[in-house]
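Feature list (source: Swiss-Prot):
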type     : residues                        : note
BINDING  : 15, 17, 167, 182, 183, 184, 199 : angiotensin II binding site
COMPBIAS : 335-352                         : compositional bias 'Polar residues'
DISULFID : 18-274                          : disulfide bond
DISULFID : 101-180                         : disulfide bond
TOPO_DOM : 1-25                            : topological domain 'Extracellular'
TOPO_DOM : 56-61                           : topological domain 'Cytoplasmic'
TOPO_DOM : 90-98                           : topological domain 'Extracellular'
TOPO_DOM : 126-141                         : topological domain 'Cytoplasmic'
TOPO_DOM : 166-190                         : topological domain 'Extracellular'
TOPO_DOM : 217-239                         : topological domain 'Cytoplasmic'
TOPO_DOM : 269-278                         : topological domain 'Extracellular'
TOPO_DOM : 305-359                         : topological domain 'Cytoplasmic'
TRANSMEM : 26-55                           : transmembrane segment
TRANSMEM : 62-89                           : transmembrane segment
TRANSMEM : 99-125                          : transmembrane segment
TRANSMEM : 142-165                         : transmembrane segment
TRANSMEM : 191-216                         : transmembrane segment
TRANSMEM : 240-268                         : transmembrane segment
TRANSMEM : 279-304                         : transmembrane segment
């Protein structure tokens, strides 16, 4: 992911056509302030999530493995955020050298893909647990979860390779600044366009469709369960949680993805207007703040859907140490729903809807 489109994907545009795109005094004040807030809140929140899941919950469930990795991925990104805050406050002047430029840039890209992939796997895990509970013990194992996380980290690293290779520190003559930006040997390189479209498709569109499909099927399964168990009161909170999960992901990322796509159109020469380029480059860091602030809250958001997570989180805040006895799972807000569609079939079918949150 890119923290400032005006100094990287749009580098050719800055040098030639629109040198002042995205360069406003209020941006140089507001964005570093927002980055600082995200850094403090994110480091504090995600560190507590890691402590609660690993030391209090004892990392006993598939969902907890995904949440732990989600928090760790966020922490890796957050550690580089002060660099970007200083970079923006200095009006996009990079004082930290080439190695930190590559490392910090790769961390941003890595976090985008790792977080989105982990959230997608978490939705698939919920789908298997609720829609196919009989197959769940076979498919949802701790080993499978850990292997999946390793694969996700490798894929995120692979997706970040272009950033490591092409992101460098160099001097822009007409603006007289040293930037940390994508630098291509040829100004006609199609790589920035490819990276932008990859971010749109692989970093948002496909994962969102999977998440939407998973929770839609979960919704239908739970609704059918409630219809069969008419004697039990319906808990609408479950459906509100499902809606919140899907909408939270969508509205966190769609603004940034829209402006990333507009930036691709500018790269392709479809959009020529410098006013539009200025709007895109000005809005880009703002949409990034929205995406990454929500992204860093994801572990807390998903974790707090479980009752035991909330219990242990409060214990940690009160300096109550974890008990020696391990806890088998994150408790759920949703009670188990069991029903038999027919008493006259070849075999009784039993389904259990486990938690939408974390199990």
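Just so it is clear, glycine is given a Cβ too, placed from its N, Cα and C backbone atoms.
Positions of Swiss-Prot features highlighted on the structure.
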| residue | record | DSSP (3 states) |
| --- | --- | --- |
| 101 | disulfide bond | helix |
| 167 | angiotensin II binding site | strand |
| 180 | disulfide bond | strand |
| 199 | angiotensin II binding site | helix |
| 274 | disulfide bond | helix |
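Neighbour counts were taken at the CB atom with a 10 A radius for the binding-site residues 183, 199; the maximum falls on 199. Counted as Cβ pairs under 8 Å, contacts with the transmembrane segment (191-216) are highest for 99-125 among 26-55, 62-89, 99-125, 142-165.
Comparing CA positions across the recorded positions 101, 182, 199, the one lying closest to residue 274 (disulfide bond) turns out to be 182. Away from its own ends, the transmembrane segment (99-125) comes close to residues 1-3, 62-63, 66-67, 69-70, 73-74, 76-77, 79-80, 83-84, 140, 145, 148-149, 152-153, 155-157, 159-160, 163-164, 167-169, 180, 199, 202-204, 207, 210-211, 214-215, 245, 249, 253, 292, 295, 298, 302 of its chain (Cβ-Cβ under 8 Å, at least six residues beyond either end). Residue counts for the topological domain 'Cytoplasmic' (56-61) under DSSP, helix first, then strand, then coil, are 1 helix, 0 strand, 5 coil. For the transmembrane segment (142-165), the list of distant contacts is 60-62, 65-66, 69, 73, 102, 105-106, 108-111, 113-114, 117-118, 121, 125, 182, 191, 195, 198, 202-203: same-chain residues at least six beyond its ends, Cβ to Cβ under 8 Å. Of all the Cβ atoms in the protein chains shown, 22 others lie within 10 Å of the Cβ of residue 101 (disulfide bond). Other C-beta atoms found within 10 angstroms of the C-beta of residue 274 (disulfide bond) number 15, with every protein chain shown included. Applying DSSP to the topological domain 'Cytoplasmic' (126-141) sorts its residues as follows: 10 helix, 0 strand, 6 coil. Between the CA atoms of residue 101 (disulfide bond) and residue 167 (angiotensin II binding site) there is a gap of 7 Å, rounded to the nearest whole number. Using a 10 Å Cβ-Cβ cutoff, residue 180 (disulfide bond) registers 28 neighbours.
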